[in-house]
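I have placed the structure first, in the form of structure tokens, so that the comments after it can refer back to it.
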Amino acid sequence: MFGKLLPCAILVWCLFSLGQARQEETVEECERNIPASLKGRVCELRQYTPVQGKDMDSHMQCVLEVLGFVEDNGELVFQELLGVLKMVDPDGDHASSMKKCNAEAEKVDTSSKANTFYTCFLGTSSAQAFKYAVDYVELLRAGKLDMGTTFNAGQVSALMKQIDDGLCN
């Protein structure tokens with residue numbers, strides 16, 4: 001059991017360390033500071049609806065950066081995201097999806113990299129694992145789950161439903 005908790009704790013600590021460069025520290029803060037053109041679409045965006053444009057580029061940079069999945073220049077933090085994806089879905093071939101989408105993101109301007117990666121990744125076989133990974137780390141960073149909490153799909157889904165219902169109903 002200790003052998004499973006230690007890598008999880010180390011990964012979560014790394015994710016928290018990476019997300020410290022921004023003013024925002026949680027997805028909630030990114031949503032609070034969302035560009036005006038997206039303010040009325042927060043509920044839609046929380047359901048993983050890809051949106052194009054500079055405002056969404058900025059928002060996804062914020063979200064993925066506070067989660068520790070991209071650097072402040074939009075570059076993918078490959079091992080961090082892969083580690084969470086493997087916790088969520090140990091059997092998935094997430095690395096190939098990540099490589100494909102990272103290659104797409106490398107073709108665009110720095111300001112669009114995070115959103116390009118996000119949009120691409122939602123079209124891969126790893127999309128569900130990615131959604132769970134984002135939700136799981138969002139809950140950890142927001143203090144809704146304790147740092148040592150191992151991934152549980154039912155628990156993550158229930159907590160995200162509570163948050164979404166509170167915001168969107």
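Cβ atoms are placed via backbone N, Cα and C, with glycine included.
Taken from Swiss-Prot, the feature signal peptide applies to 1-21, supported by sequence analysis.
The disulfide bond annotation in Swiss-Prot covers C30-C62 (among others), and the record cites similarity to another entry as its basis. Counting every protein chain shown, the Cβ of C30 (disulfide bond) has 24 other Cβ atoms within 10 Å.
Annotation source Swiss-Prot lists noradrenaline binding site at E31, R46, D135, E138, citing similarity to another entry. The Cβ neighbour count for E138 (noradrenaline binding site), using a 10 Å radius and every protein chain shown, is 23.
Marked as serotonin binding site by Swiss-Prot: E31, H59, Y118, D135, E138. For D135 (noradrenaline binding site), the Cβ neighbour count at a 10 Å cut-off comes to 23, with all displayed protein chains included. DSSP assigns D135 (noradrenaline binding site) to a helix in the three-state reduction.
Residues or ranges marked as disulfide bond by Swiss-Prot: C43-C168 (among others). Under a cutoff of 8 A between CB atoms, and with a sequence separation of 6+ in the same chain, the neighbours of C43 (disulfide bond) are D164, L167, C168.
The disulfide bond annotation in Swiss-Prot covers C101-C120 (among others). Within 10 Å of the C-beta of C120 (disulfide bond) we count 18 further C-beta atoms, all protein chains included.
In the three-state DSSP scheme, Y118 (serotonin binding site) falls into the helix class. Among the features that Swiss-Prot reports, histamine binding site is placed at Y118, D135, E138, with the record citing similarity to another entry.
Listed in sequence order, the recorded positions from R46, C101, Y118 having a Cα within 10 Å of the Cα of C30 (disulfide bond) amount to none. Those residues of the chain, other than Y118, D135, E138, with a C-beta within 8 angstroms of the mean position of the histamine site C-beta atoms are V27, Y48, V63, L67, F130, K131, A133, V134, V137.
Across the structure, D135 (noradrenaline binding site) and H59 (serotonin binding site) are spaced 16 Å apart at their Cα atoms. Residue pairs drawn from Y118, D135, E138, the listed histamine binders, are separated by up to 15 Å at the Cα level.
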